[in-house]
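Student: Pulled these features from TrEMBL for this protein:
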- 34-44: compositional bias 'Gly residues' (COMPBIAS)
- 66-93: domain 'C2H2-type' (DOMAIN)
- 94-121: domain 'C2H2-type' (DOMAIN)
- 148-175: domain 'C2H2-type' (DOMAIN)
- 176-203: domain 'C2H2-type' (DOMAIN)
- 204-231: domain 'C2H2-type' (DOMAIN)
- 232-259: domain 'C2H2-type' (DOMAIN)
- 260-287: domain 'C2H2-type' (DOMAIN)
- 288-315: domain 'C2H2-type' (DOMAIN)
- 316-343: domain 'C2H2-type' (DOMAIN)
- 344-371: domain 'C2H2-type' (DOMAIN)
- 372-399: domain 'C2H2-type' (DOMAIN)
- 456-480: domain 'C2H2-type' (DOMAIN)
- 1-59: region 'Disordered' (REGION)
């Protein structure tokens, strides 16, 4: 029995030309030409075209709801918007597990997903490895949390990779080795940066002076020499620094911490670079060679300073007297002449010094230590510089040559004094009578004339003299 149909009522029409869900074509009704069945059921070529049109219309109607509130840029996908927002906040939630470098996008996801559906993995510029899904992990958020703690020193880190690299300070592990010079590093990023020293590559150039740098951190610190900005103050003495690493090194003066220990002699150092340089005293390695004279050095910084003896460059000038220097440390030491600062004090006798090295040498007067021994005659010295100068008595070497007359000297100080013959310079002035001298020893002798006038008296005639030598010459008159 067929169901009754209500005659005066029309069947409800589907909205916007769409059939109601579950309602197909009436039984026995011919299919529309060109695949009308697809319109109702979503199958067939014509149906696919219609669906694509509908999808495009919907996308156009939505007008990219994923809009960045910072810049107004819109995105088709919420994941693309999320990655884009990281560029405003500086957030980099994905970290390379090999070198610790962070990325705003998960490197496995191409930045333009619409045109690179299968995109290749991104390459980490520091460790030169292709970073895919297995090589990345979200960096801990928020950044203020540091859940990874070093069991040796208690220092905490926001990322596990930073902790792994830090722990190599304690273990001494340096798994990344340079294939050209054999130098080893704690992280692959440090090795990649080191390779630039062989390639001569210096990608970071200062717009103010044109100086180029291998490391971005060195470039940023250098820029502060132009701006004068020193954002890192020491809480103990108030002294400020261009970069955080310089502050950390300085703070070890106050704490006495020497975290870098030599595995051969157990000597401790405040800086890793000092340990590396010290290790070469055991190996005898001098990898940095001067292209002008062939002289080799243990540290690249020593080579750079040495090369200025050939070029005559003295880029560091004293603001008080205008005197220029080859290196910043020499300028800092010189400035203490003007300020009178003597920050290095002997713990045994309380004597203070302008520099740390004279303090170390002075302390050997208490201990009697003479660690620098001549391999030729066995004579020992308190200072390495004294040993180097002594060795020239065996070799006859005179490396310091006068540019005016060609005369050579064993010591740089001898050359400096000699040059005053040509320049007429007399930098040592008497504070009482303003008489000037070329050498401090001459000034010292002269000062006695003021301090001890007529201190030496002749027993024969009562005449007085300033010096014993002058008195002795005078007494010969009475002996005749």
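We count from 1, first residue shown onward.
Glycine is no exception: its Cβ is also placed from the backbone N, Cα and C atoms.
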Student: Residues of the same chain, at least six outside the domain 'C2H2-type' (232-259), with any C-beta under 8 angstroms of its C-beta?
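Tutor: Here the qualifying positions are 153, 169, 217, 220-221, 224-225, 268-271, 343.
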Student: Mean pLDDT over the domain 'C2H2-type' (288-315): what is the value?
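Tutor: Mean pLDDT, the domain 'C2H2-type' (288-315): 87.
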Student: Mind checking which residues of the chain, 6+ beyond the ends of the domain 'C2H2-type' (260-287), have their Cβ under 8 Å from one of its Cβ atoms?
Tutor: 169, 172, 181, 183, 249, 252-253, 296-299
Student: Can you name the far-off residues of the same chain, 6+ from the ends of the domain 'C2H2-type' (316-343), with a Cβ under 8 Å from a Cβ of it?
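Tutor: That would be 253, 305, 308-309, 352-355.
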Student: Could you tell me what the rest of the chain brings near the domain 'C2H2-type' (288-315), counting residues at least six beyond its ends with Cβ under 8 Å?
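Tutor: Same-chain contacts beyond the flanks: 197, 273, 276-277, 280-281, 324-327.
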